[in-house]
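Per TrEMBL, these features apply:
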- 114-260: domain 'PROP1-like PPR' (DOMAIN)
- 163-197: repeat 'PPR' (REPEAT)
- 198-232: repeat 'PPR' (REPEAT)
- 233-267: repeat 'PPR' (REPEAT)
- 270-304: repeat 'PPR' (REPEAT)
- 339-373: repeat 'PPR' (REPEAT)
Amino acid sequence: MSIASLCRSISLANYPKQTKAFTFRFSSASTADKFLSVLEKKQSNVEKTLALVDAKLDPNCVCEVLKRCSSGLSQMGLRFFIWAGLQSNYRYSSFTYSKVCEFLKIKQNPCLVLDVLEAYKVNKCLVNVKMFKVVLNLCKEARIANEALLVLKKMPEFNLRPDTTAYNVVIRLFCDKGDMDMAAKLMKEIGLIDLYPDMITYFMMIKGFCNAGRLEDACELFQAMKGQGFSPNAVAYSVLLECICKYGSTDKAMEFLGEMEKAGGSSSPSVITYTSVIKSFCEKGRTMEALRILDRMGARGCAPNRVTVITLIEGLFAEGNVEEAYRVVDKVAGHGVSDGDCYSALVVSLIRTNRRDEAEKVFRKMLESGAKPDGIASSIMIREICREGRVLDGFRIYDEIEQMQYLTSIDSDIYSILLVGLCQQSHSVEAARLASKKRKDTARGILLSLVNQPKWSVLKIEAICIAKQTHSCKPIVAYQNAGGLHDAIR
């Protein structure tokens, strides 16, 4: 065998095998080339030629074509996208719509969708309703309401009649935009062309009116929806109830809540619904009435959640009803909400209203009973204790929570506060234990910052000792005087 042949054999033997991913990407790219070769010719009726391409459509291929059309072939790229969406063996996902908006910059150049429709008209292309729906969904993804409206209005130019689904896309865009007058006009227009708004239309409009703060319009439309024979579900009820709570009276909210309870079935109020009403009462300073809603929930077998409890406790503390807050916690703890979540909410409110000693008693009782405090309560409690200079007590609480395996939710800065405080107060054993609990690079950074403090000579010595004990930093040189200790570790 010749030297050249031998080298070639060794080279081929050692050359890494192509991965499946590479082969897949290569396949998608080669398929995309076939479509691109057609698009680059910019034919007037390119869709007919695309149909003759012997290549399989898939999301990777479509994205590759769109990506390569982004410079100079945007209109052709969009026509390819619309054509691909009509193929029986291919369906678009929301991800694909987002990619076409990204590659062809639809948001920055919204006129592109109108230019494509104009090209269809000029070239006398065969256009159907499904093509328009692809374009409208593209407008929805790009959030271009005005262009979507123009697309809708162009359908009759192609002898096509928009259906309720097409109108819903445009109505939703104007609702999201906050232009409820235009959305209402379009909804009225549906009835003028022998179409009927469906449940989706009503829900979008009601939600839009609610978001715009137009409570009366939302309530009027809600009643109209029921008059048309539609049965609103819990979501529709909840949207309107939340609006009533925000912009209307609490009495009206209670009346509407009663209507939901009477309707029953899928319209029955959920814990989120009840919590919205409770929040409304609390914000208006009527927490004692909010407590009656809690009783109402219990009577209907609807257990409160963590948000319900926090809302009530914060409302009661705001009005100075501390004893009532304790009674609420005792009442709901373990019934839908864990003991830890209930008493954590109580601890936080006690601290925020300057009842720190009382908060600490509650917190310690939690630990004794095995109830796990949440991250907010734990962080606030330890921080307050350290602020009083009782860093050792703070460390002991930290250590106890760690034994309960509940440290992950505590604020990361609590570790730093404790380590610095323990060094300042020369609790080297505890500081070393704490430093060993964290990653070495984390402890190293904190200890180095302590050593580099210009004033704390004792603290520097303490930090050096801890660093040596925990191997967080490697001692290099031992200096006799405190002034040189900042060079002792790196």
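Cβ atoms are placed via backbone N, Cα and C, with glycine included.
Whatever TrEMBL says is automated annotation, not expert-curated.
Residue counts of the repeat 'PPR' (270-304) by helix, strand and coil are 26 helix, 0 strand, 9 coil (DSSP-based).
Averaged over the domain 'PROP1-like PPR' (114-260), the predicted model has a pLDDT of 93. Broken down by DSSP into helix, strand and coil, the domain 'PROP1-like PPR' (114-260) contains 115 helix, 0 strand, 32 coil.
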